[in-house]
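**Q** Handing you this structure, nothing more for now.
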Amino acid sequence: MSANIYPVPESLTQGTYLSEETYKAMYDESVNNPEAFWAKQVEELDWYKTPTIIKNTDFSPEKCDIRWFEDGKLNASYNCIDRHLKDHAKKVAIFWEGDSPENSEKVTYQQLHYEVCKLANGLKKLGVKKGDRVAIYMPMVPHAAYAMLACARIGAVHSVIFGGFSPNAIADRINNSDAKVVITADEGRRAGRSVPLKANVDEALLNNACPSITAVLTHKLTGGQVNWNDDVDVWWHELTDECSGQCEPEVMDAEDPLFILYTSGSTGQPKGVVHTTGGYLLYTSLTFRYAFDYKPDDIYWCTADVGWITGHSYMTYGPLANGATQVFFEGVPTYPDIRRIAQVVEKYGVNSLYTAPTAIRALMAHGEKPVEGCDLSSLRILGSVGEPINPEAWQWYHKVIGQSRCPIIDSWWQTETGGMMIAPMPCATALKPGSATRPFFGIQPALFDAEGNELEDAAEGNLVIKDSWPSQARTVYGDHKRFIDTYFSAYPNVYFTGDGARRDTDDYYWITGRVDDVLNVSGHRLGTAEIESALVSHNVIAEAAVVGYPHDIKGQGIYVYVTPNDGVVADEALTLEIRKWVRKELSPIATPDLVQWTNGLPKTRSGKIMRRILRKIAANEYEQLGDTSTLADPTVVESLIDKRLNR
Ligand code: WT7
């Protein structure tokens, strides 16, 4: 084998779930006879009624109707909690590790059941009913999981809003989903600083900006000062104090929505991606088990935030459906110092660690220091998610964190796919640094060119998925047409991912990144349109165009071109002001890295901004601008190049 292939480690080829042969046999069945394959997999879950109708999916642009296990009945919270109680009530579900290493807590499955039931009854008291939407704006504490599972228990649809989003972004999401209640905490904590969560919710609700909200439920975490409005405000502990610790789970149809999660697209406001109960839970449970070669005594740790899909699929539903023990981490990888990840691994004896390339690159900059003096011998499997991992970062992760012993599960998937789509199986797949390798069961990736031709053999093109899988998003909340337009109109009858990919001669996939106007900044997905709309809402800005550019740590940085209004002096102070503005309007994760003031943007004669040119200039590749003959005013480009900021 060539030097850059990492075979399955000897230690993982013994007595494991999946060998190379079983993977191949199961994969073949999953795509040749999906009905038979998935009919067997339904045993993964406990059903009130086991489904007999397995797959009923239609990708046609006229209809786009996706149903799995449609006559099945189940409850997600029952599957994540109750069914484990008989034999494992005392097993730890969550080891909570605080932002400060001095804070920690453990939650057994029994306690999880108690807390979730109490809150579920509390939500009922607030008038929340099956099908109602509940917004969750929480820090990384077990109460975030309680909130999600309490919703699932009573059939309410949760919509988690990332704790880093600003009041405007909260209001937009609440209003789009018509949420009845919002669940939050007084404050969050991050790297020793506090985050004003309740205050942000208050601001989002100001002047009756979110008329659907009837109650704000606040978990007292830090005890920090909060404003109180008796008309809507309710303390979590006061509400649940008198609630029973028993709550019968609601019997849900497999296709009843489980949650909405907002994610950015190339245009307009974020989309409310809708996931349903049966297919989502089954697929996340199965992928969790296989991808991490999960065994009942394992300690698993995913460093994501519940505000993202990874926090739903691989911190809440996937691991808990398996009855797993996991670490829930409130803090950041570099606080109090750069050894935090290694220290937490040692403290809990973590066996599988799932993190993001941006964290890996941030640590890699410090050589071996991030692991100094720490015992990492418990680690067996490493995972990577969120953006392409460059081979250097892969190798550092493998060598320094994984001590050249642990396979890296580079998993490609999306908010819309619900679960992992292309990822190695630790016991079955030889690895190539930088490649997400091969598809999971039931996933049929394909590459298309711009004209809609499918590319055969080794090739590079736009990544599509040819048939449905159980955890696929079913719609965009309140806008099925947008769902069809976004994912099923680029190429008829296949799901278009928005990513580009290369397939090599071993049929391994290498994700090359987004082919649309979606940015991936430190693994956070952001739409250029959202940032532009925040920019132009500032009164000094006439026009704005946002593009990504290669960034060593973040993967992509945010490069902003802005034209000032007449008479505005664009100086350094104003640049600072603009960066702060976006931070506040949208989110700190959307803060522009580079702001270039300009008197014009490159446009076609019909007035369309030529982003291709802006991307090249931002990447400092201004010598390869391609055809600029259709520009209305070619001199704009020279001046942009002249004053470019990324040199
Ligand atoms: C986009 C989806 C997957 C959960 C977290 C992000 C990029 C994700 C990988 C990977 C290359 C990746 C893609 C995708 N992406 N994982 N392993 N290799 N790219 O979910 O916020 O919906 O973002 O993240 O570009 O389309 P998301």
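Glycine residues also receive a Cβ, built from the backbone N, Cα and C atoms like all the rest.
Caution: TrEMBL annotation is automatic and unverified by curators.
Sharing the record's features from TrEMBL:
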type	residues	note
DOMAIN	23-80	domain 'Acetyl-coenzyme A synthetase N-terminal'
DOMAIN	82-467	domain 'AMP-dependent synthetase/ligase'
BINDING	Arg190, Ala191, Gly192, Arg193, Thr310, Ser522, Arg583	CoA binding site
BINDING	Gly386, Glu387, Pro388, Asp499, Arg514, Arg525	ATP binding site
DOMAIN	530-608	domain 'AMP-binding enzyme C-terminal'
BINDING	Val536, His538, Ile541	Mg(2+) binding site
MOD_RES	Lys608	N6-acetyllysine
**Q** Measuring C-alpha to C-alpha, could you say which of the binding-site residues Glu387, Pro388, Arg525 are within 10 Å of Gly192 (CoA binding site)?
**A** none
**Q** What count of other C-beta atoms do you get within 10 angstroms of the C-beta of Ile541 (Mg(2+) binding site), across all chains shown?
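**A** Result for Ile541 (Mg(2+) binding site): 22 other Cβ atoms within 10 Å.
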**Q** Cα-Cα, whole number of Å: Glu387 (ATP binding site) versus Arg190 (CoA binding site)?
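**A** Cα to Cα, Glu387 (ATP binding site) and Arg190 (CoA binding site) are separated by 23 Å.
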**Q** If I take the Cα of Arg583 (CoA binding site) as reference, which of the recorded positions Pro388, Arg514, His538, Ile541, Lys608 has the closest Cα?
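**A** Answer for the nearest of the recorded positions: His538.
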**Q** Determine which residues of this chain, when Val536, His538, Ile541 are set aside, have a Cβ within 8 Å of the centroid of the Mg(2+) site's Cβ atoms, and list them as they appear in the sequence.
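**A** Same chain, not in Val536, His538, Ile541, Cβ within 8 Å: Ala534, Leu535, Ser537, Asn539, Val540, Ala542, Ala544, Val562, Ile578, Trp581.
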**Q** Taking the Cβ of Ser522 (CoA binding site) as reference, which residues of that chain separated by at least 6 in sequence fall under 8 Å from it?
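**A** Ala356, Thr358, Ile553, Lys554, Gly555, Ile589 - these are the non-local Cβ neighbours of Ser522 (CoA binding site), listed in sequence order.
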**Q** List those of the recorded positions Ala191, Ser522, Lys608 whose Cβ lies under 6 Å from any atom of ligand 1, in sequence order, or write none if there are none.
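**A** None, as no Cβ falls under 6 Å.
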**Q** Radius 10 Å, atoms counted are CB only; among the binding-site residues Arg193, Arg583, which position scores highest?
**A** Arg583
**Q** Which of Gly192, Gly386, Pro388 has the fewest nearby Cβ atoms, counting only those within 10 Å, among these binding-site residues?
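**A** Per-residue Cβ counts within 10 Å for the binding-site residues Gly192, Gly386, Pro388 bottom out at Gly192.
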